[in-house]
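Below is one structure, written out as structure tokens, with a few remarks after it.
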């Protein structure tokens with residue numbers, strides 16, 4: 001398993017596996033109920049993670065060379 | 001005629017103009033019409049794919065769920081983000097194969113991979129059966145939006161007719177080019193309208209986002225999290241997973257991925273899309289703001305929360321702008337569905353029975369089928385009335401049944417045979433239908449299991465039945481043909 005595949009698994013762990021642990025209304029973070037904050041945080045992290053994956057993925061470099 | 005209505009019609013005219021103008025300078029053969037000649041860059045593909053998330057479902061249903069269900073609504077942004085992760089690998093693989101084999105529809109993919117035109121017919125029928133409720137949903141939404149935003153001066157029925165005629169026209173003329181251009185108008189509008197509403201309403205009525213949530217929490221403790229049973233964490237996890245698998249299985253989404261000019265378009269989109277999907281957050285805010293301001297909307301009427309609160313708050317011309325944005329969220333996905341369904345019926349169903357038909361004839365037939373599909377959908381829109389989300393969920397479960405056969409076909413050594421793929425899809429679809437019609441839940445099937453398992457999305461059952469049947473039939477067919485080979489050698 002390559003690094004990029006492990007990275008891509010992180011959002012699934014953050015959004016799905018952790019849900020039972022973060023299913024609460026308080027504390028409010030950035031004005032959001034905690035559960036909503038948690039999901040939103042992971043959506044933002046997903047974007048960041050996919051940007052890192054894009055940089056690391058050799059498939060994109062090969063095409064650059066062309 | 002009031003100001004709201006004028007604004008709505010102005011935008012309808014603009015989208016019709018853009019949609020028809022999009023044809024300019026293009027020779028509309030089937031490949032140009034359905035997949036834009038495979039020449040769309042990151043931005044156009046982005047808009048087409050984003051068309052998928054900002055439909056009337058998200059506009060009305062997203063705020064409606066926030067209003068009537070609370071915490072479980074968050075699943076909508078969760079599944080989007082995870083589907084984009086999947087798309088990073090899934091879409092380039094699909095695109096590459098489709099380009100090599102000059103495919104134009106989703107069914108083409110199955111036909112080519114499994115070397116079976118009949119599997120193509122099956123996949124087309126499943127796709128059309130799922131898309132029609134989806135289109136009905138968009139049309140119902142369109143009717144609600146326009147009639148509410150016009151303060152009732154236009155009936156839902158009239159609004160639906162007008163919207164449908166406009167879409168049908170520009171789809172027939174411009175195909176996917178029309179969808180791409182109107183998608184651009186739509187996304188600019190929706191971004192502006194939704195972000196404005198999502199910030200203005202909480203600040204206007206509650207003095208901020210957190211005060212709004214605190215007021216809701218005080219009135220209904222626990223409403224902003226997932227309940228202990230029913231839409232519990234295990235419901236959330238299973239529903240998000242199922243939706244992720246079904247996300248790209250919609251024929252119109254699958255097909256629009258062919259329009260990309262190269263595969264890096266998808267990988268780039270996988271970075272931007274999750275962030276962009278957060279616009280939905282503002283749709284949720286509107287629904288939450290409505291809870292204490294326009295109380296008492298029950299059941300399917302929860303979907304009216306956004307419009308009711310807007311009408312209570314703003315001047316007619318701005319209600320018109322909201323209505324126009326809502327109208328566009330219905331007609332862009334509507335146009336893609338009409339096109340995808342007509343292409344499937346012409347190319348993957350009719351052509352199998354009339355192999356002598358030329359490409360030009362198929363292309364013409366696809367265009368003439370657009371008004372036919374539109375009329376069928378209108379019939380269901382006026383005859384059947386169900387809450388918006390329930391309809392969508394059935395469609396989602398149907399297209400999700402295509403995922404296992406697709407996934408196996410992408411592997412280097414595919415163990416699934418065409419018979420296995422067909423049997424799996426049929427078994428899965430039959431299970432979905434049986435479950436939906438009898439209103440079965442995992443809890444009612446297995447009442448002795450723990451609550452967490454009872455709350456699992458019942459679609460999981462259909463998917464398991466699908467995979468088991470698919471693999472079993474494939475193994476049987478393989479061992480049979482192996483025996484057949486041996487006998488042939490012996491003879």
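Any Cβ shown, glycine's included, is placed from N, Cα and C.
Taken from TrEMBL, the feature transmembrane segment applies to B:38-62 (among others).
Positions annotated as transmembrane segment by TrEMBL: B:74-98 (among others).
Long-range neighbours of the transmembrane segment (B:118-137) within the same chain, counting only residues 6 or more positions beyond its ends whose Cβ lies under 8 Å from a Cβ of the stretch, are 56-57, 105-108, 110-111, 250-252, 333-334, 337-338, 340-341, 344-345, 348-349, 352, 373, 376-377, 380-381, 384, 388, 391-392, 394-396, 398-399, 401-402, 418, 421-422, 425-426, 429. Among the features that TrEMBL reports, transmembrane segment is placed at B:118-137 (among others).
Taken from TrEMBL, the feature transmembrane segment applies to B:158-177 (among others). Sequence-distant contacts of the transmembrane segment (B:158-177), counting only residues of its own chain at least 6 positions beyond either end whose CB sits under 8 Å from a CB of the stretch, comprise 12, 15-16, 19-23, 26, 28, 32-36, 48, 139-140, 142-143, 145-147, 150, 256, 259, 327, 330-331, 334-336, 338-339, 367, 370-371, 374, 377-378, 381-382.
Cβ atoms under 8 Å from those of the transmembrane segment (B:183-201) belong to residues 11, 14-15, 18, 47-48, 50-51, 54, 59, 279, 281-286, 289-290, 306, 309-310, 313, 321-322, 324-325, 328-329, 332 of the same chain, restricted to positions at least 6 beyond its ends. What TrEMBL records for B:183-201 (among others) is transmembrane segment.
What TrEMBL records for B:232-250 (among others) is transmembrane segment.
Residues 46, 49-50, 53-54, 58-59, 62-68, 73-74, 76-77, 80-81, 84, 87, 190-191, 194-195, 197-199, 201-202, 205-206, 209, 212-213, 215-216, 219-220, 224, 304-306, 308-309, 312 of the same chain, all 6+ positions outside the transmembrane segment (B:271-297), place their C-beta atoms under 8 angstroms from a C-beta of that stretch. Here TrEMBL flags B:271-297 (among others) as transmembrane segment.
What TrEMBL records for B:317-345 (among others) is transmembrane segment.
What TrEMBL lists as transmembrane segment is B:365-382 (among others).
Summarising the annotation, TrEMBL assigns transmembrane segment to B:388-408 (among others).
If you look up TrEMBL, you'll see B:420-438 (among others) marked as transmembrane segment.
Using a Cβ-Cβ cut-off under 8 Å and counting only residues 6 or more beyond its ends in the same chain, the transmembrane segment (B:458-477) has close neighbours at 238-239, 242, 245, 396-397, 400-401, 403-405, 408, 415-417, 419-421, 423-425, 427-429, 431-432, 435, 440-442, 445. Sequence annotations record features per position, and here TrEMBL assigns transmembrane segment to B:458-477 (among others).
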**Prompt:** Excluding the flanking five residues on each side, which residues at least 6 beyond the ends of the transmembrane segment (B:365-382) place their CB within less than 8 Å of a CB in that stretch?
**Reply:** 30, 33-34, 128, 132-133, 135-136, 139-140, 143, 157, 160-161, 164, 167-168, 171-172, 338-339, 341-343, 345-347, 350, 357
